[in-house]
C-alpha cells in the first residue's frame with residue numbers, strides 16, 4: 001500500500017497504519033488502525049454490556065423473591081428453580097459461542113440473540129399486564145397460577161437463550177478490537193477485561209438497586225417495562241457503532257480440526273517420534289497464514305504423531321485427516337489442557353450460586369431498615385458484591401498491576417492462573433463468613449421466636465457479599481482472560497462460553513448438592529433444608545461448601561503449577577516463540 005506521494009511505506013509503517021491480524025472492517029477490507037477498533041469500538045461494547053447486565057441482574061437477583069412471594073413456591077423448590085435457570089443461562093453460551101465462531105460471526109450472533117432477549121422481556125411484561133396471564137394476587141393463594149407460571153418461565157428462558165448468544169459473542173467481539181501482535185494494543189487488551197467487568201458491575205449495581213427498588217415498592221410490571229426499554233436502547237447502541245468495529249470471519253466448525261488431529265494421530269500411532277521437533281509438519285513460511293502459528297510443546301506427545309510426515313504423505317497431497325500442522329496439534333493440546341482447570345474451578349461456581357439464592361433469602365428475613373423508615377429491598381444487598389468487585393478490579397488495574405509489572409517483569413503482573421487462585425481463597429472466606437453469620441441469625445431466632453432474625457440488621461450480611469465481590473475481581477476476570485486467551489484463536493467466543501459454563505455447571509452442582517444433603521440429613525432425622533430459613537441449617541451447608549472449596553484449592557494449585565501456556569510464534573521471526581504472552585514466572589506458572 002502506498003502513501004499519498006506514491007512512495008512505498010516501510011513494513012513497520014505499514015503495520016502501524018493497517019491491522020494485519022485477520023480482522024476486517026465493516027466493508028470487508030483490511031481495517032485502518034486509526035479509524036477502527038481499540039477503545040473507540042470497545043467503549044460501545046462495554047456500554048451495551050452495562051445495559052444488558054442491568055436487565056439480566058434486575059431479573060436474576062429478585063427471582064427467588066418472585067418465586068416465593070408472588071408465585072408462592074417453597075424455599076427448596078424456588079432455590080432449585082433459580083439454580084436450574086442460572087445453570088441453563090450460563091451453559092447455553094456453549095452453543096451460542098459455537099455458532100458465533102463457526103457460522104454466523106460475532107456481530108450477527110449478538111444482533112440475533114439481542115432480538116430473542118428483547119422478545120423474552122416483552123413476554124415478561126405481558127405476563128404481568130395481560131389480565132388472563134397475571135399471577136394470583138390474593139392472600140388466599142397458596143400456589144402458582146398455572147398459565148402465569150408457564151408464560152413466566154417461557155419468558156425467562158427466552159432471556160436465557162438470548163444471553164446464550166449475547167454474552168460469549170459480545171465479550172470476545174470486544175476483545176477482538178485489539179491486535180495481539182501490536183505491543184500497545186496487546187497491553188490495552190489486558191486492561192479491557194478489567195474495564196469490561198467494571199461496566200458489568202455498574203450495570204449490576206443499578207440492576208440490584210434501582211430496578212429492584214421499583215419491583216419492591218412500585219410494581220414488578222413497571223420494572224419489566226424499564227428492563228425492556230433498556231434492552232431496546234442497548235440494541236440501537238450496538239448497531240450505531242458498526243462502522244468502528246473490527247470483524248472476524250467465521251472459520252467453520254472448530255471441532256473438525258481437532259477431530260482431524262485425533263484421527264491422524266491414531267492412524268500414525270506406530271510411527272516413532274522424530275528426534276527434532278522441527279521435522280514435524282507446519283505450513284511453509286511462503287504461504288499466507290490465516291491466524292497465528294503456535295510453537296511445539298512437549299506435553300501430550302502422542303498427538304505430535306499427527307504432524308509426522310510419513311512416506312505416504314510425501315507420495316501424495318496430504319489430507320488433513322492424515323497430516324496435521326504443528327499449530328493444529330497444539331490447538332488440540334490447548335483444549336485438552338483446559339479440561340482439568342475447568343473442573344478445578346467448578347467449586348468456585350458453586351459458591352457464586354449461593355449469592356443469588358440463599359444469601360438473598362437471608363436478607364429477606366432480616367431488618368432492612370437503614371434509617372428514616374427507608375427499607376432496602378432484599379435483592380439490593382447484592383449491590384455490596386458489585387461494589388466489592390469494582391474496588392477489587394480498580395485496585396488490581398491501577399495499583400497492583402503497575403507494581404507487579406516492575407517487580408516480576410510480567411506484562412500482566414501475575415499470571416492468569418495465579419489471579420484465579422487468589423480469588424478462590426476469597427471464596428473460602430466467603431463461605432466461612434456466611435456460616436458464622438447464619439449461625440448468629442439462627443441464634444437470634446431461637447432466643448426470640450416472635451421477633452426472630454428481624455432483630456438483626458441486614459448489614460450483618462455485608463462481609464460475605466463484599467468478600468465474594470473482592471474475590472470475583474480476581475477469579476471471574478481471571479477466568480474470562482484465561483478462556484479467551486488460551487483457547488485456539490478460532491474458538492474465542494466458545495472460550496468465553498467455557499468461562500460462563502463454570503458458573504452454569506456450578507449452579508447445577510449446587511442443586512445436586514442441596515438434593516444430596518437434603519436426602520442424607522433427612523435420613524438422620526431432620527433435613528438441613530426446611531420449608532423456610534428458620535427451620536433450615538444453612539450454616540452447616542456453608543461449612544460443607546467451605547471444606548469442598550478448600551480441598552479443591554489444593555488440587556487447583558497442583559494443576560496450575562504444571563500448566564503449559566499457549567506458545568505463540570512471533571510475527572517477525574517465525575522460529576522465535578513467546579509463551580502465553582509473557583506468562584512465564586511465578587510459583588503457579
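Including glycine, each Cβ sits where the backbone N, Cα and C put it.
Bear in mind that TrEMBL entries carry predicted annotations, made automatically and left uncurated.
Feature annotation from TrEMBL assigns transmembrane segment to 84-104 (among others).
For 111-130 (among others), the entry in TrEMBL reads transmembrane segment.
Per TrEMBL, transmembrane segment is recorded for 191-214 (among others). Long-range contacts of the transmembrane segment (191-214) within the same chain, counting only residues at least 6 positions beyond its ends with a Cβ under 8 Å from a Cβ of the stretch, are 42, 46-47, 49-58, 61-62, 171, 174-175, 177-178, 222-223, 226-227, 377, 379-383, 385-387, 389-390, 393-394, 396-397, 473, 476-477, 480-481, 484.
Look at TrEMBL and you will find 220-240 (among others) tagged as transmembrane segment.
Marked as transmembrane segment by TrEMBL: 334-356 (among others).
The annotation transmembrane segment is assigned in TrEMBL to 376-396 (among others).
Among the features that TrEMBL reports, transmembrane segment is placed at 416-437 (among others).
Feature annotation from TrEMBL assigns transmembrane segment to 457-484 (among others). When Cβ-Cβ distances below 8 Å are used as the criterion, the transmembrane segment (457-484) is approached by residues 171-172, 175, 190, 193-194, 196-197, 338, 341, 345, 348, 351-352, 355, 359, 362-363, 366-368, 370, 376, 378, 381-382, 384-393, 395-396, 416-417, 419-420, 422-427, 429-430, 433-434, 437, 440-441, 492, 495-496, 498-499, 502 of the same chain, each at least six residues removed from its ends.
Cβ atoms under 8 Å from those of the transmembrane segment (496-521) belong to residues 76, 79-80, 83-84, 86-91, 93-98, 167-169, 171-172, 338, 342, 345-354, 357, 479-480, 482-484, 487, 527-529, 537, 541, 544-545 of the same chain, restricted to positions at least 6 beyond its ends. The transmembrane segment annotation in TrEMBL covers 496-521 (among others).
Per TrEMBL, transmembrane segment is recorded for 541-560 (among others).
The highest tally of CB pairs under 8 A with the transmembrane segment (416-437), across 84-104, 111-130, 334-356, 541-560, is held by 541-560. Same-chain neighbours of the transmembrane segment (334-356): 60-61, 63-64, 82-83, 86, 258, 299-300, 382, 385, 417, 420, 423-424, 427, 430-431, 434, 465, 468, 472, 475, 479, 482-483, 486-488, 491, 498, 501-507, 509-510, 513, 542, 545, 548-549, 552, 555-556, 559-560, 563-564, 566, counting only residues six or more beyond its ends whose CB sits under 8 Å from a CB of the stretch. Beyond the ends of the transmembrane segment (220-240), by six or more residues, the same chain brings 44-45, 47-48, 51-52, 54-55, 58-59, 66, 70, 110-111, 114-115, 117-118, 121-122, 124-125, 128-129, 211-212, 214 to within a C-beta distance below 8 angstroms of the stretch. Outside the transmembrane segment (111-130), and at least 6 residues removed from its termini, the chain residues within Cβ reach (under 8 Å) are 52, 55, 59, 96, 104, 148, 151-152, 154-166, 169, 219-221, 224-225, 227-228, 231-232, 234-235, 238-239.
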